[in-house]
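Over in Swiss-Prot, the protein carries these features:
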REPEAT    21-65  repeat 'WD 1'
REPEAT    68-107  repeat 'WD 2'
REPEAT    112-156  repeat 'WD 3'
REPEAT    167-207  repeat 'WD 4'
REPEAT    213-253  repeat 'WD 5'
REPEAT    318-357  repeat 'WD 6'
Amino acid sequence: MEKIKDQFANLHILRRSSEPKEPTYLLGIDTSKTVPAEKGGLVAVLCSNGSIRIYDKETLNLLREFSGSPGLLNGVRFANSCDNVYSASTDGTVKCWDARLASEKPAQLFKGYPSNIFISFDVNCKDHIICAGAEKVEDDALLVFWDARFTSQDLSTRDPLGAYSETHSDDITQVRFHPSNPNMVVSGSTDGLVNVFDLSVDNEEDALVATCNSVSSVSCIGWCGRDYKQIYCMTHDEGFCWWDLNHLDTDEPITCLNIQDVRDVTDVKEGHLDYLIGGLYHENMDRLFVIGGTNLGKIHLLSCTKTGLSHVTSLQGGHAATVRSFCWTVSEDSLLTGGEDAQLLLWKPGAVEKTFTKKDSLKIASSVQQRVRVHSSDSYKKRKQQ
């Protein structure tokens, strides 16, 4: 534990992205996987103005920007085998761009069913399947699937393979494929349910491996544990759950931890916790960590055990507003963070900042702010109580 504490505490800002022409919240970050982490690569950032910005990972220079118009984009993910970058759109599509090219037009377009509004998605570890979660329309909240493989007779537009419609009763806010098993996927919804599916099974009912209940609207899910046989979940009202799927066929309870509001029970040294950002499973340590923060931009590292969340250490001096996204490359102790101050920061051990951008608090027009799903969303609570 001391090692990870020192690694995190020793992170310092190496670079900030240049001030964009249109300041936006930075809602999601992913890095390209086709080159070794230490040799640089690309960074894709989801912005609240409905675009994805592509940066050089080492310099944080903005290379190009892709627009999701006419829809708003939700989520950002690089392919595992190439530099294609994906995002789900409220216009009922999942869009795929070649991040190396400046073309505004998507390389591929995965079309949903009529009336689909996609708010979450993921691509499996082999880049074969895309799954997107939709907002509830009438009585249906769909998980939609596509074949994402390129062929010699490739079509730029793809229709769905099919959909699951029986396992969620409200908006599907999160989708995450297993890191190494291409057939396993977990989904989370505003109905509070977190469902695990095995896509190698033919029908939806039999494919459902487990249903876990967070009792609140799901904001983040992920895989963890040895062989990634555990899942964790965060909620829009700052709850945290952790389940062990190894115990599905035993008498042992699958719930490892269930905290209704982490802000009430987590003691942060010389500070406080306002919200959760996401989770990180450290394979070498076999330990799950949770990243949280404050409304003034301080970042907290929390360790997760079956007794609760405990504060390890914190980073400060980088952001001036709520931090909304991060991407931590454990192999090189490299951290990327993005926030509501429109800043993209690269942190590395013992770094000395090579560029400087004034980090004033960002004031964003209310029309944009209303489109962005923030953490403590009363609308989710009201919808759930209805």
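Every residue, even glycine, has its Cβ placed from backbone N, Cα and C.
When Cβ-Cβ distances below 8 Å are used as the criterion, the repeat 'WD 2' (68-107) is approached by residues 28-34, 42, 44-46, 50-52, 54, 113-123, 125-127, 130, 132-133, 146, 148, 156, 371 of the same chain, each at least six residues removed from its ends. The repeat 'WD 3' (112-156) makes no contact with the repeat 'WD 1' (21-65): fewer than 3 of their CB pairs lie within 8 A, with pairs spaced 6 or more apart in sequence. Applying DSSP to the repeat 'WD 3' (112-156) sorts its residues as follows: 0 helix, 19 strand, 26 coil.
In terms of DSSP helix, strand and coil, the repeat 'WD 6' (318-357) has 3 helix, 19 strand, 18 coil.
Break the repeat 'WD 4' (167-207) down by DSSP state and the numbers are 4 helix, 18 strand, 19 coil. Across the repeat 'WD 2' (68-107), DSSP assigns 0 helix, 18 strand, 22 coil. Here the repeat 'WD 6' (318-357) returns a mean pLDDT of 88 for the predicted model.
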